[in-house]
Amino acid sequence: MTRTPDIRDLLGASTAEMGLVLFGLSAGSMVGILSSGALVRRFGTRPIVTIGIVATALSTPIVGLGAAASQSALVAAGLALFGLGMGGGEVAMNIEGADVERVIQRPVLPTMHGFFSLGTVVGAVIGMILTAVAFPASWHLLVIGLISVPVALMSVRHLPRGLGLASPAEHGSVGGRPVWRDPRLLLIGVIVLAMALAEGSANDWLPLLMVDGHGFGAALGSAVYVVFSAAMTIGRFTGDRFLDRFGRFPVLGASALIGGAGILLVVAVDNQIVAGAAVLLWGLGAALGFPVALSAAGDSGENTAARVSLVATVGYVAFLVGPPGLGFLGDHYGLRNAMIPVLTLLALAAVTASILGRMKGEVPSAAAVDRRA
């Protein structure tokens, strides 16, 4: 994303034309996300993760070559391939992560998502440096692709075979009932919806929210986003100890409240220092919601793959669909007021987490079981 302005200049595209080019990313992501669950049940996680990682790695040189050749269609195709690989691969990887938790009997999904956040920060810093020294975007993306493909192929060799395959008795149902009719899973989906939207809205709108809503300069607005990303990374790497001590649903409830407090301050207080500091709360609150809810979904009943796939799909759809909707609200009511629906959903998520924590028959985290034994 740090090279988007350079790609736009190479294409000679207007803002509207770049919107059409970037639509390739959204379209590919939606196809990958919505098809991943069925593909995992048919083929298992390993081939889907492999195809997803390789597709993502191959897409970056395609985007670079398309930009160098001033071919908008080729750039859009590369972005669609990137979205397809990321959308399908991430759902399958989360199923893998839930299985790792089941095997080793301790939470690891927050740390796994922490590495994703760390990679985002590192990639953004590298992109900023290469942009500053005027390194060509096409060569940058080509090098990333050349590095990523062999690393991806080496990594997937260690994935187990057969994980996620639906048995003849399952096929996405539990006791003859589809998993989406499980009340606990639907409540977990509400939490994922809120937390994914809290994260996605910051990813898409936070710099502009700081610039337009609080009068920050462009550079400071970008710096605030780095603060948010750093808070997310720290929260994910340190989250396991809180899960071990308090359990999933108390942590989810607290995360929703902390993130909501940060957004409330950004919306309600017209002060740059307060707004900048509140982003720390926003990032820390959003950090654990998505991975911990996926972990809870995997432990909520039989057919782990179908459960994690369903909840992950809800989250990734929220990532893609929610921020554009907030942009529409921002056009009419301002970006600060556009965050009010996110705040409302986080309040609902906190209540939902409390309900889930009290529901009879809740499956506690593995670490909590070990602690009580």
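Glycine is no exception: its Cβ is also placed from the backbone N, Cα and C atoms.
Heads up, TrEMBL stuff is auto-annotated, nobody curated it.
Fair warning: this is a prediction, and the values are worked out from it, not measured in the lab.
Here is what TrEMBL says about this protein:
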type     : residues : note
DOMAIN   : 1-361    : domain 'Major facilitator superfamily (MFS) profile'
TRANSMEM : 20-40    : transmembrane segment
TRANSMEM : 47-67    : transmembrane segment
TRANSMEM : 73-93    : transmembrane segment
TRANSMEM : 114-133  : transmembrane segment
TRANSMEM : 139-156  : transmembrane segment
TRANSMEM : 185-202  : transmembrane segment
TRANSMEM : 214-234  : transmembrane segment
TRANSMEM : 246-267  : transmembrane segment
TRANSMEM : 273-296  : transmembrane segment
TRANSMEM : 308-326  : transmembrane segment
TRANSMEM : 338-356  : transmembrane segment
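Annotation: stretch 338-356 has the most Cβ pairs under 8 Å to the transmembrane segment (185-202), among 214-234, 246-267, 338-356. By the count of Cβ pairs under 8 Å, the stretch nearest in packing to the transmembrane segment (20-40) among 246-267, 308-326, 338-356 is 308-326. The transmembrane segment (338-356) makes no contact with the transmembrane segment (214-234), as judged by fewer than three Cβ pairs under 8 Å among residues 6 or more apart in sequence. Nonlocal intrachain contacts for the transmembrane segment (214-234), taken as residues 6+ away from its ends with a CB within less than 8 angstroms of a stretch CB, comprise 114, 117-118, 120-121, 124, 199, 202, 206-208, 266, 270-272, 275-276, 279-280, 282-284, 286-287, 336.
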